[in-house]
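Straight from TrEMBL, the features:
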type     : residues : note
COMPBIAS : 285-313  : compositional bias 'Polar residues'
DOMAIN   : 33-122   : domain 'Fibronectin type-III'
DOMAIN   : 123-207  : domain 'Fibronectin type-III'
DOMAIN   : 208-297  : domain 'Fibronectin type-III'
DOMAIN   : 298-386  : domain 'Fibronectin type-III'
DOMAIN   : 387-475  : domain 'Fibronectin type-III'
DOMAIN   : 476-562  : domain 'Fibronectin type-III'
DOMAIN   : 563-667  : domain 'Fibronectin type-III'
DOMAIN   : 813-1072 : domain 'Tyrosine-protein phosphatase'
DOMAIN   : 990-1063 : domain 'Tyrosine specific protein phosphatases'
REGION   : 285-317  : region 'Disordered'
SIGNAL   : 1-27     : signal peptide
TRANSMEM : 753-775  : transmembrane segment
Amino acid sequence: MTGAGGGLGAWGRLVLLGLCIWTGARTAAPKATVRNLTVKHQTSSSITLRWEPPEDPTLQNYTYWVRCSGDGGKDETQKTTDVTYTAEGLKPASRYEFSVWWEGGGANSSEATLSASTAPNPVRDLTVESQTNISITLRWEAPDPQSYTYWVQYTGDDGKNKTENTTDVTYTVQGLTPATSYLFSVWAEKHGVPSSVQTQEGSTAPKPFRDLIVESQTTSSITLSWTAPQGPDHPPYTYWVSWTMEGGVATGTQNTSDTRVTVDAMQAGTLYTFIVWAERNGVSSSSETRTGATAPNPASNLTVESQTTSSISLRWGPPHGPDQNYTYWVLWTDGRGETGNQSTTNTSVTVDGLKPGSAYELAVWVENRNISSSRTPLRAATVPNAVTSLGVQDRTTSSITLSWTAPEGPDHPPYTYWVSWTMEGGVATGTQNTSDTRVTVDAVEAGTLYTFIVWAERNGVNSSNATCTGATVPNAVTNLGVQDQTTSSITLSWTAPQGPDHPPYTYWVSWTMEGGAATGTQNTSDTRVTVDAMQAGTLYTFIVWAERNGVSSSNETRTGATAPNEVTALQKETQTNNSIALRWEAPADPRSQLYIYCVQWAGGGASQGEGDPQGHQVDQIARTKETWYVVKGLEPGTPYNFSVWAERSNVAGSIQSLRASTYPDPVTIISCTSISSGYGVSLTWTCPLGGYEAFELQVGWQQVSRDNASCGRDVFVSDLQPAQSYAATVRTIWDGLRAPAASVTCHTESAGVIAGAIVGVLLFLTLVGLLIFFLRRYKKSLKEPALSFPKDIPAADFADHVRKNEKDSNCGFAEEYQHLAMEGHGQSQTVASAPENSAKNRYRNVLPYDWSRVPLRSLGGAPGSDYINASFMPGLWSPREFIATQGPLPQTVGDFWRLVWEQQSHTLVMLTNCVELGRVKCEHYWPLDAQPCTHGHLQVTLEGEKVMENWTVRDLKLRHTQEQKTLSVRQFHYVAWPDHGVPHSPDPLLAFWKVLRQWLDKTPEGGPPIVHCSAGVGRTGTLIALDVLLRQLECEGVVGPFSFVKKMRESRPLMVQTEAQYVFLHQCLLRFLQQSAPPPTQKNEAVYENLVFENDEAVNV
């Protein structure tokens, strides 16, 4: 063998010697070997052997040889004198074979062999990798890449002791006690040899603690508390608290041994996240997390913003600190135990539902994340209710007394009432207070308006103002008197009341008719008023007072009477040559029985003045209570102007005048002598007294006239028969009057007898011929029907037709009209009779037929909205040339204007007055002035008006407010046609028709003319018929009143409602023909010049 230095040393030679000796001795019997060879100790690089010497007592001083061979090529032999031997320089965890023998006395023992291994190197980097409260996980590094068995042994404070093994380099020890310290020993083992032990202390984690809560908060701190973790004996823990402000900013960590901690120096109103864990033996439990927020700072600058009777409005500033979404709470209590609260996210709130005039303790606090700030208190009161029933209780010309009712509220607490007043013009005049609900303000000016403001005060808070105006009493008017009277009006005048600056007054006039019936009141701003619509000839008591600002002065009273209406039907009843008997009809006045009638006359054609009859320079005047008077002592044959009027209470009515003449005086025939051989006579008479115009002579069958120069002269009458006696008469003629005849018998001479006989024969033959003619005509008339109704009558025959029907008190007209009575009856009137339409009909018996009614556009499907009492009417050329309708009712005015708009009619014809004989006949459906009237979507404006004696023409503008379109409409309003009656003459109506027809001919565009009276049948039918028949005369030369009225009644019932209207229609047509007849000098042809169309621009508005 070579040693470490490469040569064979002494140890080597010795070994060789021993081997040689051993080899040489092998042939000898072997000696007993060492006993009990064992491994005493192993390390990772050495193995220590131990043995006992042999039992041979003879042997002493042994030398022991130890041979070692094993892993890694190890093979060496060493000797020792000791019974132990340590083989060093071995590889860890390697197996070695050991042989031990002894040498002594020149002999070698047999070998004792033993296999042994070195201990592994110890594990490296033993650490506690993780802990739970019942386990600890250890980790280490293997000594080298070999595979080992690892042993883990632990001993704990809880007395637990256990050893476990694993082949991995990690190991989790389970079943440990929480929060307990353990000592862990870890070693590697290979070939049954353990390495040296590596130790590591480790503790289990504590159990989680419990019940972590936020116990309290302030604006700068949060206190947390919890329950210690469960575990044996509750060992002492260290508790760690870490917190993070919202937004992720870590703000701090602190520890405590207590189960409660207060974290200070925090930001107010801020959310924090807290992590808390327990620690023992340097090991932490699992953590618990809670969020908590600091209390917000209190609200700032809390103030009362406003108060009402039931609410207090508060305003405050947000708390100091970061901007947050705060909730603000408001708490209030009224001192009587009643409380309330509410929340808001705004920095203002109105607390409602409070009692008026009450003091409240209020508190506001801020809440964020269910954490409230400290409270900010405030005392405030609600506004008292306003006083009610504020009014002027009394007033004089220098004071006003106000009263009111105390504000409503609980218990009616005592109030202070403040009264402030301002005179018109804005001059503040004073303020005073009182605890009473009544006050008198003195030293104010008469007839002056004051504005009073009254408010209640309690708890230093004023109620809202109650305002009223009140005026002092004006002074009374002076110098009240009657200035003028008419049949329907009395004009009063007066002097304005005394007072400052004579402010504008409203003067009220109230009048009471004799008998005590109050009949009306009206007002004016003038010191003169005319009271209209009064009864003629009636005594009225007038009360006049001044009013300003709704306050009336004391009254002034006067009486006055209206003038009576004029007498009617004044006529000369009888007359003689020295008297005239007058008769008249009393005015249709309710008190005409109280009238005195004045009759005045002037002879010789003297004209009478106008105005008050008592101011006339008249010849004579007489008064009577009768409606007749005989004026005597007149001159014969003299014209007189008579005036008659009614008088009541020294007030005269209008004058009715009459011109009449007395009869002329009769003449006295002086002589009558025969002349011209009996073929004539000569008459002479005296001139009568008074006036005379002519003389009428009749001698036999001859009648001649002579002028007024013939009296006192010879007047010749010829063509008489000789030898005859003739009765001769002479009458005085004056103003159409004939005096009683003066008569005489005149005798002619006999020379003309033969000629007279011839003439007699001729007269006889003529009479016989006439008799035969009339007999034949009578027989022909027997064969004709008793009654016929001609359809169209030639213009030339119309006058005869009228005269025929006028006989026997209009008997012919009566028969024709009776024949029209049932015309059109039995036709359907379902729509007009519907319940929803009944209120739209003025008269129940005047309903349009279904087939001819004018439908309106339906308004959204509303029942009856398409109905109006109107019918299409035929004309000369069209079956729908006119629309006949009733006068609008209050509830149908809008429908009426819809009819006009939808038909686009430019013409309205109104034939009634709104009120007739005290009854409403038609609603006033057009504006009274330039102020427009609105009906639904239609606006009506009066643009012009011209008033004539018998009619008025108005221009109206109809505007649709939605469609923004307009329609021009002209209304022709005839005012002189009585209901169910007829005008007194055809002439005014024909003149009205002329104006209307001229307009219609110039305005052909648009819809049919709309004609109405009250019912829309009587006057309406008469005018439509008149228009059509006059145009028929013009176009065709014939006229058919009966046929056309019949045709109209087929379209609307009762057209031309009365027989009088039917007769009047004929009279109008006849009058038109008479006006159109040619002069007498022309041939009597059927020429009808339409004179009515002259001056076609006579009416313009």
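Yeah, the Cβs are placed from backbone N, Cα and C, and that goes for glycine too.
Across the compositional bias 'Polar residues' (285-313), DSSP assigns 0 helix, 16 strand, 13 coil. Regional average pLDDT for the domain 'Fibronectin type-III' (123-207) in the model is 90. Residues of the domain 'Fibronectin type-III' (563-667) grouped by DSSP class, helix first, strand second and coil last, total 6 helix, 49 strand, 50 coil. Here the domain 'Fibronectin type-III' (476-562) has, by DSSP, the following mix of helix, strand and coil residues: 0 helix, 52 strand, 35 coil. Counting residue by residue with DSSP, the domain 'Tyrosine specific protein phosphatases' (990-1063) contains 46 helix, 5 strand, 23 coil. Within the domain 'Fibronectin type-III' (123-207), the DSSP-based counts of helix, strand and coil residues read 0 helix, 50 strand, 35 coil. Secondary structure counts, DSSP: the domain 'Fibronectin type-III' (387-475) has 0 helix, 52 strand, 37 coil.
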